[in-house]
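> Pasting a structure here, questions to come.
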Amino acid sequence: MAEESDAADAGVAVQLIDGEGEFACEGAERFMAAAGVAGCGLSYAVVSIMGPQSSGKSTLLNQLFGTNFREMDAFRGRSQTTKGIWIARCVGVEPCTVVLDLEGTDGRERGEDDTAFEKQSALFALAISDIVLINMWCHDIGREQAANKPLLKTVFQVMMRLFSPRKTTLLFVIRDKTRTPLEHLEPVLREDIQKIWNSVAKPEAHKDTPISEFFNVQVTALSSFEEKEEQFREQVQQLRQRFSNSIAPGGLAGDRRGVVPASGFLFSSHQIWKVIRENKDLDLPAHKVMVATVRCDEIANEKFGCITSDKEWLDLESAVQSGPVPGFGKKLGNIVDVHLQEYDKEAVYFDEAVRKGKRQHLESRIMNLVQPAFQKMLAHLRMKALEKFKAGLNSSLESGKGFAAAVRDNTECSIKEFEQGCADAVIKQANWDCSKILEKVRRDIEDHALSIRESKLSELTTHAKEKLRKALAEPVESLFDAADQTTWASIRNVYRRETESILPEFLKTLCGFEMEYAPAEEMVSKLRDYARSVVESKAKDEASKVLIHMKERFTTVFSHDKDSIPRVWTGKEDVRAIAKDARSAALKLLSVMVGIRWDDEPDGIESILTSTLLEGSVVSKIASAASADPLASTTWEEIPPKQTMITPSQCKSLWKQFKAETEFTITQAVSTQQAHRRGNSKLPPPWAIVAIAILGFNEIMALLRNPIYLFLLFVGYLIFKALAVQLDVSREFQNGVVPGIFSVSAKLLPTIQNLVNKVAAEQQPEHHHHPPPAIEPPQPQMQPPPLLLSPRSPMSELRRLHMPPSSPRKVASPSPSSSSSSAVSSPRHVAEDQKPRSEVAGHESNIADSIV
């Protein structure tokens with residue numbers, strides 16, 4: 001039942017165009033929605049019917065498509081039943097088919113003179129329909145007026161001029177067929193249609209085109225509905241089958257070129273009807289009007305051809321392609337005036353309405369011809385205005401003018417110049433609007449100003465950041481190098497001083513941009529945050545190298561006294577106290593590096609580190625193991641986690657590594673002290689000195705009474721010392737006494753000869769006698785300065801300092817200085833050097849371990 005209801009609704013007819021020619025938009029929209037046509041896409045067909053009044057058109061449509069168009073009541077007489085154009089959807093025909101019922105032609109109600117609506121409706125049907133049914137009586141075939149020949153002629157001619165050609169099916173339906181066979185009627189009808197087509201004035205491109213390229217002409221015949229109703233219905237059902245799948249290839253519909261979707265069918269139909277209604281040529285003009293139309297059209301075409309080949313216009317068009325042309329509007333207006341005046345001069349005697357209409361049409365064509373050149377001129381003016389703005393803005397900014405003021409002044413100047421150029425380019429014959437291009441110019445200027453503004457602000461921000469970085473990075477780094485209890489206070493002072501110096505200057509520069517308070521304050525706030533990030537980044541960078549800084553601080557304090565003079569480990573220094581002070585200094589540096597301190601609140605981190613790491617003993621370690629370890633944590637109570645650079649547990653690990661890497665420096669100092677003590681303890685013991693003085697008193701007195709003995713003893717000592725040095729006696733006897741005696745005996749005679757030869761060579765004068773050289777007193781052997789190594793010294797160097805050196809074989813030095821210096825060494829010294837170094841090293845190691 002629902003399907004039957006829907007089918008009935010689909011067959012309801014709605015008036016599309018009323019008798020006065022007004023398009024019923026609202027009613028048509030309701031019909032499209034109710035009948036479900038709008039959602040069919042391209043799967044729909046349009047069928048219309050035209051023919052004489054009271055020829056049974058509505059009856060045929062109702063019988064053929066199941067519609068309910070209003071039919072004529074034969075008992076009330078013959079009169080006009082359908083007024084205007086009605087539309088309905090066919091029932092049971094696939095695809096969706098829409099049928100139009102046109103008002104009958106040749107009706108007495110409209111009269112003989114008012115045939116415009118007939119022509120308009122016929123042209124409308126041909127323009128939008130795929131299939132056009134032409135209803136005609138059988139006995140009218142061969143007649144001039146009754147067969148709608150004048151109507152078809154006018155419609156064909158205007159349709160080819162107004163609309164692009166589309167192959168429409170013209171189905172001639174012969175009503176009330178007589179005994180004359182259809183095979184005899186159809187040739188006569190086709191011949192009449194061909195004559196109509198041949199008599200139509202066609203465009204030059206389609207002058208020889210046959211009617212089959214534009215129309216698919218078909219003929220069918222039906223019996224009388226009143227006399228042979230059953231036969232009529234059978235023939236209608238057979239005809240109905242031809243409308244099934246009409247849009248398929250080879251179907252009844254044409255090629256459907258330019259078909260619009262069903263959702264746009266109503267809008268397209270409305271626009272086509274407007275074009276048809278506004279076209280006055282559909283009215284059959286009088287002879288005078290007809291002549292005026294043809295002749296004025298020829299004159300307009302001639303003048304349009306003249307302006308297209310006019311040399312002045314061609315030169316102007318060519319010149320405007322390369323750049324703006326001064327006086328463009330005046331020059332172009334004069335050219336247009338000349339050709340319009342020539343048209344007026346030749347068309348002055350024709351019908352005024354036709355003459356003015358054709359003149360307007362000619363003027364419109366000329367405006368369409370010259371408008372691209374005008375648009376090109378505006379494009380040049382637009383580019384010129386933008387370039388002027390760019391150059392003026394750069395010049396103003398270089399002169400020190402504020403950005404906002406410079407943009408405002410240059411914008412006003414550029415817009416004013418563009419408006420003057422537009423006024424000069426507009427011609428008086430056209431009402432061209434330059435407001436859109438003016439808006440584009442304003443938008444171009446605003447976009448460029450915005451890009452320059454962003455660039456300048458970015459440049460200022462970058463410059464301010466660079467100044468902040470340079471002003472903060474190096475001072476903060478130097479403060480961390482000399483870290484102490486006042487380091488963070490000094491860093492805060494530097495941060496405050498530099499930001500208060502740089503940021504107000506930056507804010508003053510922003511005043512030239514006339515920014516609102518909130519954005520300016522936000523930019524300053526971001527710079528202040530950047531300054532903080534520079535300090536924090538530098539602090540984290542230094543904290544990552546805290547172990548190196550601690551070792552450097554330890555080395556500086558341990559190896560230098562309070563006057564920054566390098567220490568000489570003579571054995572009198574308290575290595576234990578010095579090492580503790582050095583470690584305390586390194587621990588203070590660690591306490592500075594553990595976190596970022598932006599507030600002035602004191603904290604007890606240094607005391608915690610000192611009590612836990614520096615002053616801890618075995619007892620305290622046992623006690624701390626029983627209680628909570630303050631360093632067994634990943635956070636400090638006084639420092640937020642985000643500002644923590646070194647956690648308590650990391651401090652503990654760093655301190656352990658620090659102690660391991662600085663123990664050798666302390667051991668080295670202890671070893672140097674021991675070596676210094678051994679060097680100063682080479683004199684014989686006091687009892688031996690007393691025994692020598694008592695037992696050798698007589699020998700001493702004999703030497704003092706006879707200086708010659710003393711001199712000879714001294715000379716013998718020197719000779720013996722020189723021989724010992726040259727022979728390297730201490731090294732020769734390292735391999736044993738007997739091998740040493742043999743080796744020294746073998747080298748003794750050559751060594752004596754070398755010494756004698758050197759002495760003789762030095763005593764022999766070259767040119768004159770030289771006084772004998774004074775014998776230099778022996779120089780006491782100096783102890784080597786203590787060797788201090790940094791915490792990063794390689795282990796091979798440390799082992800070399802602790803291992804007993806192997807006595808290299810020395811080459812005998814022939815110089816007297818070597819002899820004299822070697823003579824200072826005593827046999828006791830040599831014996832001490834030959835002691836086993838393991839005993840000494842073990843003794844030194846015990847002392848160093850006690851200090852560490």
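Glycine residues also receive a Cβ, built from the backbone N, Cα and C atoms like all the rest.
Heads up, here are the entries from TrEMBL:
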- 41-256: domain 'GB1/RHD3-type G' (DOMAIN)
- Gly51, Pro52, Gln53, Ser54, Ser55, Gly56, Lys57, Ser58: GTP binding site (BINDING)
- 761-852: region 'Disordered' (REGION)
- 772-788: compositional bias 'Pro residues' (COMPBIAS)
- 808-828: compositional bias 'Low complexity' (COMPBIAS)
- 829-842: compositional bias 'Basic and acidic residues' (COMPBIAS)
> Determine which residues of the same chain, besides Gly51, Pro52, Gln53, Ser54, Ser55, Gly56, Lys57, Ser58, have their CB within 8 A of the center of the CB atoms at the recorded GTP site, and list them by sequence.
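Residues close to the GTP site, other than Gly51, Pro52, Gln53, Ser54, Ser55, Gly56, Lys57, Ser58: Gly104, Asn135.
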> Compute the average pLDDT of the predicted model within the domain 'GB1/RHD3-type G' (41-256).
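The answer is 79, the mean pLDDT of the model over that range.
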> Counting every protein chain present, what is the number of Cβ atoms, excluding its own, within 10 Å of the Cβ of Ser54 (GTP binding site)?
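That number is 18.
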> Just to confirm: which same-chain residues, 6+ apart in sequence, have a Cβ under 8 Å from the Cβ of Ser55 (GTP binding site)?
Gly104, Asn135, Met136, Trp137, Arg175
> Over all shown protein chains, what is the count of other CB atoms within 10 A of the CB belonging to Ser58 (GTP binding site)?
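Counting Cβ neighbours of Ser58 (GTP binding site) within 10 Å gives 23.
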> What is the Cβ neighbour count of Gly51 (GTP binding site) at a 10 Å cut-off, with all protein chains included?
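Taking all protein chains shown, Gly51 (GTP binding site) has 25 Cβ neighbours within 10 Å.
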> Using a 10 Å cut-off, grab the number of neighbouring Cβ atoms around the Cβ of Gln53 (GTP binding site), all chains included.
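Around Gln53 (GTP binding site), other Cβ atoms within 10 Å: 20.
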> Per residue, counting other C-beta atoms within 10 angstroms of the C-beta, which of the binding-site residues Pro52, Gly56 reaches the highest number?
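The residue with the most neighbouring Cβ atoms within 10 Å is Gly56.
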> Counting across all protein chains present, how many other Cβ atoms fall within 10 Å of the Cβ of Lys57 (GTP binding site)?
28
